[in-house]
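Scroll down for the structure; my scribbles are underneath it.
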């Protein structure tokens with residue numbers, strides 16, 4: 001009887017450890033910020049959130065756990081779906097720094113829920129800590145200010161290398177730049193990927209970069225001169 005009990009306990013412990021490891025099984029985060037003008041100026045439409053047009057600043061896309069081999073976990077715990085009440089004290093900051101630009105216009109809840117369900121459930125963070133960490137990382141990186149300090153401002157074309165160098169100088173680590181193509185066929189700065197340790201508290205050197213290419217000279221389009229009279233492009 002003792003042998004059976006011992007075996008049963010061992011099985012329970014192994015099951016618990018397997019669940020725990022599954023929730024911790026990633027190597028680093030991609031912290032991804034997008035430039036709203038580039039998101040909107042493409043063949044895909046964009047809609048301003050119901051809270052109004054976002055400021056001309058980088059906005060959070062997501063905080064995504066990844067593996068060193070370039071793969072990533074997703075939708076790890078369907079029992080822990082997004083609960084707005086868990087982040088009620090962060091909503092005003094999220095509306096400002098993590099707005100939705102998807103159509104139709106929304107209040108952000110669907111966007112944030114998608115990010116938590118797909119990515120946040122694969123971390124050891126609870127919902128509040130996950131969103132708080134992303135907001136704090138945005139403030140820490142301060143990408144728009146970093147670029148402005150290097151003389152890089154919206155509304156002009158710049159070399160891809162100058163943008164990378166400015167961010168590396170300002171944040172301390174090299175970024176990955178993702179581009180898209182505007183309605184005139186120009187490559188433009190769409191997203192900036194920075195790598196973060198598994199505690200989601202500090203930037204690190206990226207173990208691996210995503211796939212994708214930009215032109216050697218890319219546009220950093222202005223968002224402030226977009227018409228405020230239309231919600232959709």
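Note that the numbers count up from 1, one per residue, in the order the chain is shown.
Here the Cβ of each residue, glycine as well, is placed from N, Cα and C on the backbone.
Unlike curated records, TrEMBL annotations are generated automatically.
Per TrEMBL, the features are as follows:
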SIGNAL    1-23  signal peptide
ACT_SITE  61  active site
ACT_SITE  115  active site
ACT_SITE  119  active site
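Each residue contributes its Cα atom, and for residue 61 (active site) and residue 119 (active site) these two points are 11 Å apart. The number of other CB atoms found within 10 A of the CB of residue 115 (active site), across every protein chain shown, is 20. Long-range C-beta contacts of residue 119 (active site), restricted to its own chain and to partners at least six residues apart, with a cutoff below 8 Å, comprise 62, 63, 64, 65, 74.
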